[in-house]
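K.L.:
I have a structure here, written as structure tokens, and I will follow up with some questions on it.
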């Protein structure tokens, strides 16, 4: 029904799975945000923190993991206290329920994948910006720094001289390849 596929990763090696690595970072931030008296007993808080994580909408997918897993928003104790989001008690046919659940889950998965692709494209644009400059034309002034050998970090710190300024001439307008 759900079409779940098992994936194998190296045990105790979160770098092999980016999703787990990101989750571990978020969980660490959540533990650091605990009240001082709760930090001492953080192992007992893991279930609660994981439940909070699963009930929180993710920026990338636009859905909470709980919703993507179960097809509904979680029923929290605060909802019961304030009588929010409680079911209306109507009896639903089993086939109708399963059909609606499958439809809702597939629609949520489709939207989450679309949101993920959009977010990945945005992150790729920000991570891999292409330099955008105006093309060089004859007569433009250029600032160049010439080294016989690549400078060491110490040489870079010591050398405070301004770069050499040159002007582009017709004889220099031909393809060059930087090595």
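Every residue gets a Cβ built from N, Cα and C, even glycine.
Copying in the features that TrEMBL gives for the protein in this structure:
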- 113-126: compositional bias 'Polar residues' (COMPBIAS)
- 162-172: compositional bias 'Polar residues' (COMPBIAS)
- 1-73: domain 'Integrase catalytic' (DOMAIN)
- 113-135: region 'Disordered' (REGION)
- 148-179: region 'Disordered' (REGION)
K.L.:
Report, as numbers and ranges, which residues of the same chain sit near the region 'Disordered' (113-135): CB under 8 Å and 6 or more residues beyond its ends.
P.N.:
59-62
K.L.:
Counting each residue once, how many in the compositional bias 'Polar residues' (113-126) are helix, strand and coil under DSSP?
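P.N.:
When I sort the residues of the compositional bias 'Polar residues' (113-126) into the three classes, I find 14 helix, 0 strand, 0 coil.
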K.L.:
In the domain 'Integrase catalytic' (1-73), how many residues does DSSP put in helix, strand and coil?
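P.N.:
Computed counts for the domain 'Integrase catalytic' (1-73) are 42 helix, 0 strand, 31 coil.
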